[in-house]
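Structure first, commentary second.
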Amino acid sequence: MGFEFWMFLSLVYVSHFHFHGLSLAEKAPYYSFVHEATMAPEVSFYDYIIIGGGTAGCPLAATLSESANVLVLERGGSPYENPTKPDKGNFFPNLLDVSPSSYAQEFTSEDGVYNARARVLGGGSVINAGFYSRAEPEFLKQAGLNEALVNYSYQWVEKKIAFEPPMLQWQSALRDGLLEAGVLPNNGFTFDHIYGTKIGGTIFDGDDHRHTAADLLEYANPYRIKVYLHATVEKIIFETKVFSRTRAQGVVFEDELGKKHWALLTKDYKSEVILSAGALGSPQLLMLSGIGPSQQLKKFGIKVVMDQPMVGQGLVDNPLNVLLVPSPSPVELSLVSFVGITRFGSYIEACSGISFTPSWSRSVAKALAAILNQTEQSSTKLFQEGILNPESLLDTRIRGGIIFEKVKDPISSGYLELRNMNPRDNPKVTFNYFQAPEDLMKCVHGVKIVIDAVYSKSFSNFRYEILSAKALLELIVNLPLNQRPRHLTSAFSLEKFCMDTVMTIWHYHGGCRLGKVVDRNYKVLGVEALRIVDGSTFTSSPGTNPQATVMMLGRYMGLKILQERYFGKYRKK
């Protein structure tokens, strides 16, 4: 990487010690630099304006603040207002929360699949299943990232928020079942991406408390960063001159009361606007700002700053299919603790003892009753651990688990289009699940492995003999998991089962792809002072679960941007 970069990195260490060694850094949730957007001045100036305080935006902002003045604009609220709400037991209730202040904004794709988009400081790391696993080497090589700096950036993240999960009875039995099913070898605990079955990291600590990308703001220099919550960016402001490239100048954002604010870049030509709004938000905001397919922009009366037909294209969601397995034995509360990484392109993960809302519990009970020809009350006893305090988020805890199969690197891809000009609304999204037959075959193979693991000797204590594989498939077919039509043969044909019951694992990516919308340095092609650093640039989802790599990328690019700012153009990524 060159002598200059390592000299720069040593300066970062010195800066880090100065602000953290002297106890000037701040601990979540007591950040003095986080405010409601209503407190923002009408006009302000910064070296870097980051749109989105999510999984990439928080580490990016913390890094840039070490040597520059940074503004973060987050459209959601703080995960620290209710400290226990993001914790492990509230995983599904948070995803199913449709209130205006929820952490997750729901949407349904044009494919008829329910989905969610984070709107909270910390982004998807506040609402996901918590699994932490690094990307496969092929992903990093394809992106042109420097291995040494990648490892350093991963470690920077892991020091703050990554832990080794406990492996209790249910998770251990299923892991052993996967080994019996041939997902070999047993790789033990590792953050690395290795074929076989492995225990990965988690962002939940030993008390089941969630640690998120927002915690990485503890690394920030509190005197050089501002974070505004409930700040909805309406558009990026551009300067266009004859014979000059279009240049980002700043943004217009609106606070919760509807008042507009202008955040502008300082006169330093190295200052930048950086989009970190995710695979939906970043292409959506580019279009609302006038960069995108010109025909679509003109349809909404948006002034075309640059015709870029690839914005919104190449949007991919990894298909997810599941089995819900009631247990005759008590099960622990667990989210994803291990993963089976197959060689044919399928990832297998699981959770147990989780909480549903009462309406979802009734849906499962009715479906079980239909299959077993029992009363709803008796079938409820098969999976329900008990009703807790109705005022709690933990309404109903199931006695059993959910095992899911994710298709790796799907060939099928879709696109994103504007629904309207309101940045608060989700855009129109089509993923085209299983359009490519290769994706469908991966799913079929993966579901077969899941069934083999469920009916393995190792897992025998956690399944009912009365429930056949067909019954488990039929249970899923009968649940309202999506809005897609059902074939009569869905419980008999794994091809139909995959297509009819497909769901999301929330790992959608693309829309501003590397090489199509941004260059190798994540700069938007054809525009000055504008970058995109988030999952919208990915051509595939990294590793089994992307959050580790998204956070790493925030740190990585923060260091590269600072290097460029103080030492000129960096030679090689």
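Yeah, the Cβs are placed from backbone N, Cα and C, and that goes for glycine too.
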Cysteine of Cys443, Cys512 paired with Cys498 via disulfide, per TrEMBL: Cys443
Close approaches to the domain 'Glucose-methanol-choline oxidoreductase N-terminal' (278-292) from elsewhere in its chain (Cβ under 8 angstroms; 6 or more beyond its ends): 51-52, 54, 75, 117-118, 123-124, 233-238, 302-309, 311-312, 315, 416, 418, 421, 423, 426-427, 429, 508-512, 517, 524, 527, 532, 534-536, 538
DSSP helix/strand/coil residue counts for the domain 'Glucose-methanol-choline oxidoreductase N-terminal' (278-292): 11 helix, 2 strand, 2 coil
Residue among recorded positions Val120, Cys498 with least C-beta crowding, 10 angstrom cut-off: Cys498
Neighbouring binding-site residues, C-alpha within 10 angstroms of Cys443 (disulfide bond) - of Glu74, Val120, Gln547: none
Model confidence over the domain 'Glucose-methanol-choline oxidoreductase N-terminal' (278-292) (mean pLDDT, whole number): 98
Candidate nearest Cys498 (disulfide bond) in space, where candidates are the binding-site residues Glu74, Val120, Trp506, Gly535, Gln547 and distance is Cα-Cα: Trp506
